[in-house]
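**Student:** Per TrEMBL, the feature region 'Disordered' maps to 1-30. For 192-262, the entry in TrEMBL reads domain 'G-protein coupled receptors family 2 profile 1'. As annotated by TrEMBL, domain 'GAIN-B' applies to 401-560. Sequence annotations record features per position, and here TrEMBL assigns domain 'G-protein coupled receptors family 2 profile 2' to 568-809. TrEMBL lists 570-591, 603-621, 627-652, 673-692, 712-735, 756-778, 784-807 with the feature transmembrane segment.
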């Protein structure tokens, strides 16, 4: 555990502004300050001294203290020291072993070598050894036959920065020998340097300008340092890394050592409050610091270094509250927990990962929060409980008498007002029987003489498991973190603390957090003192014998590569490829026969296919773009839009069939409403979601889709569920209309409405299953099952769409027959009835019936089914009959038919329709034509 001295504000001297971790927290009233304990005697024998001190903070305008700040007194030990007069000393220091001989003082002729030894202290704390501490001896060298060499100069710069260069250094010969010979040996020395291999061009990160900072080129593995942005102080760093293919790329910049100016100013304000001469003023100043810190964090524009700096500020605030015995107001307590909650927000995950390279800030934050809980709990009334629920943590504090704890501890308590949705639906539980608190330890009993109360705190962290440094791979934190803190701490003789935690993966293992390790990291989670119980439910049951922080670990398979060149999985590529191929074939067929099958239903189908095609392409693109946060967010937003658009176009088809059933004429306004429903409604939902969340939650570090945290997923699930429900209601109405006796009398309308209804009933459930499996496959890339399910559903969806809307659609079949020359007259003299895509009108034997009475102004006579001398093929007969039947003005010939049907479903007959309007001008001709058609 952390030593209390480490967590206490230092009182001996103020620190500089460059050392923000420790601050003074004293008042100027010496009577209010307590003297420290007397120090240990300065000597272990004989007459020594003891010292005690007290601290006082001085303002810039003079000291506020009176009286001495340091006192000394003699300490007379009864032990006599060896060596005093009249005492025979039998104890002396011990010599250590002799050190090695030094080099000879000269390189030629005779010189001197030396060696030394040290005297170690005796058990009484003083050192006196007999004998010399240094020895010398003579050393013999070859005779000097030449001059003497001077000292070597410094090594030169390496000739190469890589691929093994050379360094040189030189020395001068000083004079010559007695016989005039120069110095023996070489005047130059060479050695190799920079032997590492030079990086290839693809192993070098190029110059880059990012975030108003210029990053110079560097080879893979090097770290480049730069100044922090202008609104912060400190240094930023960035590392050049290699991907799996050996290509260099810049890693994200690290701002763990950058502190914003606003946080620096807040630190200066904190020091000003600490310098105040009264405890109450200092405590009120700390409350103001908490409020200011909350305002800064709510702006959500800070660096990873600001999170570490905020942790230090909270530490000093808590220590000041403790030393000043100041209890903050309930509103300030809420703000303190809100500050911690904002710091633990999931959007800060990358910042915490960056910060943990410098210091274990999240683990220190856990300890600070526990100290603050006990500070608040000690001021509560007995049997009083306190509950705080924020977006990322839930805290309960209660104070119970040591002699009689009222009831068992259950956390969290359900049904409390003010609970957030995540806390209300949480299935994590803690149970501590009250008998745990009936037998405190001896230390607790000694402390109970003054406190007489247990302060029991419980914290459920929503996101801390993702923020803390991960355990040793392949283990991962597999649940929320639940912390229990009790002071004075009871000593459990057997495992009594029971927990139920909801794991996210299989093979769970209960662990506890070890506060004894000062370097918070992978080794802090331990299984000692906590056992995993067998359970048939989806929860993991634990029974522990320690009061600490608890979690569940699981063995996780290696994550898929999420680098910049990562590829989607094979099932995703197969499913999306098969579906896209089927839809492209359908669109090509519709493009080839568009002049024959153009209709509202065809336009709706084309838009529907386009939305599914775009969704499949975005799914594949999103799996390989998670390295870019901005591009991932854009991909997630468009994927949200096209998923909703596919549901909306199915709803549009249902609406179109409903209008056909009730016989309402479709105008341009209604057709525009189709487009607004198909594309406008999804765009509105996505725009509202992006504006409301400021794009937070669109794209995560693992996938390009809506984040599962924060409820953003309801922006897709909610509208999709409403669309499915409305589609079902429309389907029921259309089905009842088709099956009722007094329903639709027109067979063509009945066929079209039935085809649309059948298409919706088949495509909509398959669409829902496909996108549901797609969401599961995107969010959990480790699960092969979800990816295979998506591949199956997506492939089947493509085949079903091309079957229902192409192979089984009557209009497509008729168009193919006409295009292939399948509707010709049996008569030799009769031209093709569907030649070149235009309906050819057969000449009639009784020409006086339909056109020649009025004189045709066109070369092509009217198509009248009663005029054909010989029967036509059924398809062309029906087409020709419908064209003539609808070519008559309804205000003159009220046959009860839909005038727009020929325009919408038989556009190739529009020319014939115009001919009919030019030649038929009186009601008598219409009545005669009606009679002929009835006979035919």
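Yeah, the Cβs are placed from backbone N, Cα and C, and that goes for glycine too.
Note that TrEMBL annotation is computational and uncurated.
Relative to the rest of the structure, where do these features sit?
**Tutor:** Per-residue pLDDT, averaged across the domain 'GAIN-B' (401-560), gives 78.
Within the same chain, residues 597, 602, 605-606, 609, 612-613, 616-617, 619-620, 623, 777, 784, 787-788, 790-795, 797-799, 801-802, 805-806, 812 sit at least 6 positions outside the transmembrane segment (570-591) and bring their C-beta atoms closer than 8 Å to a C-beta of that stretch.
Long-range contacts of the transmembrane segment (627-652) within its own chain (CB-CB distance under 8 A, at least 6 residues past either end) are made by residues 562-564, 566, 604, 607-608, 611-612, 614-615, 618-619, 621, 674, 677-679, 681-683, 685-686, 689-690, 695, 698-700, 704-706, 715-716, 719-720, 723-724, 726-727, 730, 760, 763-764, 767, 771.
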**Student:** Should the transmembrane segment (603-621) and the transmembrane segment (784-807) be scored as in contact, given a threshold of at least 3 Cβ pairs under 8 Å and pairs 6 or more apart?
**Tutor:** yes
**Student:** How does the domain 'G-protein coupled receptors family 2 profile 1' (192-262) divide up by DSSP, counting helix, then strand, then coil residues?
**Tutor:** 5 helix, 35 strand, 31 coil
**Student:** With a Cβ cut-off under 8 Å, give me the same-chain residues at least six positions beyond the ends of the transmembrane segment (756-778) that come close to it.
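**Tutor:** Cβ under 8 Å, 6 or more out: 571-572, 601, 615, 619, 622-623, 643, 646-647, 650, 653-654, 656-657, 660, 703-705, 716, 720, 724, 727, 731, 734-735, 738, 786-787, 789-790, 793-794, 796-797, 800-801, 804-805.
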**Student:** Is the transmembrane segment (673-692) in contact with the transmembrane segment (712-735), using three or more Cβ pairs under 8 angstroms as the rule and ignoring pairs under 6 apart in sequence?
**Tutor:** yes
**Student:** Sequence-remote contacts (6 or more beyond its ends) of the transmembrane segment (784-807), Cβ cut-off under 8 Å?
**Tutor:** 569, 571-572, 574-576, 578-583, 585-586, 589-590, 605, 609, 612, 616, 758-759, 762-763, 766-767, 769-770, 773-774, 776-777
**Student:** Would you kindly list the residues that approach the transmembrane segment (673-692) from elsewhere in its chain, counting only those six or more residues past its ends and only Cβ-Cβ distances under 8 Å?
**Tutor:** 600, 603-604, 607-608, 611, 637, 640-642, 644-645, 648-649, 651-652, 655-656, 698, 712, 715, 719
